[in-house]
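Input: a single structure, listed below in structure tokens.
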């Protein structure tokens, strides 16, 4: 039974309808809901009592209004109440690196590739992700292509984290109540509050994260949400070219939560000794294409078997180094962002990140499907 302060069990269908319609009317008037109101709405959704048409209207309305800090905090709190959590023993230097999605760029899976680099550098990675909803290659799609068995239990995922230093928390295995929202999200095919909630609801209780957002005006609000939820060291990043990653092409806005304070600043690739470059060639049409580019980049080799131009591979490495460097930094393995990027570059040259990916894939195949 979810440990939630609110329950819909004693509400009649008419009462649920009234709560939902009242909330929708306020949202459409661009009035923010209180945390208590949003907790009740999210509990109704998680209990499967929100009709699809109403859910679509609520998600669209929140998107158009822009979700408030209180609305996001309350929603994340309810999702965590309903989640199947795990508690890995090796929590020192534990990190997640994840994007909200919804940026429409169709880049290769930068955060997933970066996770293997961070793990190879010594971080414990609890990677939370899902299938692509508004992109052509979600992290789960990519990892299945790489040979990972995602049909494992939460406890088996915990075992991966403890033995391999990295595990992939496939959202449907941990957030089973989210099944009620999947049809509507797939039908909408645009970013919703659930894109925002994914990074906030890591079932391993990760306190150090790099989180990419689809628009940089979400950086500071989301950093404050993380503060509300008890996170320790977080970089919320959104680039000027509207990527939910640290961009190789331009400046990236950062809202950094550290020591209980949120600081906002801009970073450039040159800050970490990397030249700015266009993103041409880094977009993909499928998880297969994304995997090929990532394997070539993580291999450390100067040639590849996929027929990919080496300049594209080198560009992908630079993009991965920037984002993995941030993860290494917030995990506590680097004194600052540039030092983290330098560590990431060394890992990329060594080929250890690809070995980490292959080892995790092999380990997950030892579990019964």
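Using the three backbone atoms N, Cα and C, a Cβ is placed for every residue, glycine included.
Features reported for this protein in Swiss-Prot:
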- 99, 130: anthranilate 1 binding site (BINDING)
- 99, 102-103, 109-112, 127-135, 139: 5-phospho-alpha-D-ribose 1-diphosphate binding site (BINDING)
- 111, 245: Mg(2+) 1 binding site (BINDING)
- 185: anthranilate 2 binding site (BINDING)
- 244, 245: Mg(2+) 2 binding site (BINDING)
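Secondary structure at residue 245 (Mg(2+) 1 binding site), as computed by DSSP, is coil. According to DSSP, residue 112 (5-phospho-alpha-D-ribose 1-diphosphate binding site) sits within a helical segment.
A straight line from the CA of residue 99 (anthranilate 1 binding site) to the CA of residue 112 (5-phospho-alpha-D-ribose 1-diphosphate binding site) spans 9 Å.
Put plainly, the binding-site residues 112, 130 were compared by Cβ crowding within 10 Å, and the winner is 112. The Cβ of residue 109 (5-phospho-alpha-D-ribose 1-diphosphate binding site) has 28 neighbouring Cβ atoms from other residues within 10 Å, across all protein chains displayed. Cα-Cα distance from residue 112 (5-phospho-alpha-D-ribose 1-diphosphate binding site) to residue 245 (Mg(2+) 1 binding site): 11 Å (rounded to the nearest whole number).
For residue 129 (5-phospho-alpha-D-ribose 1-diphosphate binding site) paired with residue 244 (Mg(2+) 2 binding site), the C-alpha to C-alpha distance reads 14 Å. Note on residue 245 (Mg(2+) 1 binding site): other Cβ atoms within 10 Å of its Cβ, all shown chains, come to 28. In sequence order, 97, 98, 99, 139, 210, 212, 245, 323 constitute the residues six or more apart from residue 111 (Mg(2+) 1 binding site) in its chain with CB-CB distances below 8 Å. In the three-state DSSP assignment, the secondary structure recorded for residue 130 (anthranilate 1 binding site) is coil. A Cα-Cα distance of 12 Å separates residue 130 (anthranilate 1 binding site) from residue 109 (5-phospho-alpha-D-ribose 1-diphosphate binding site).
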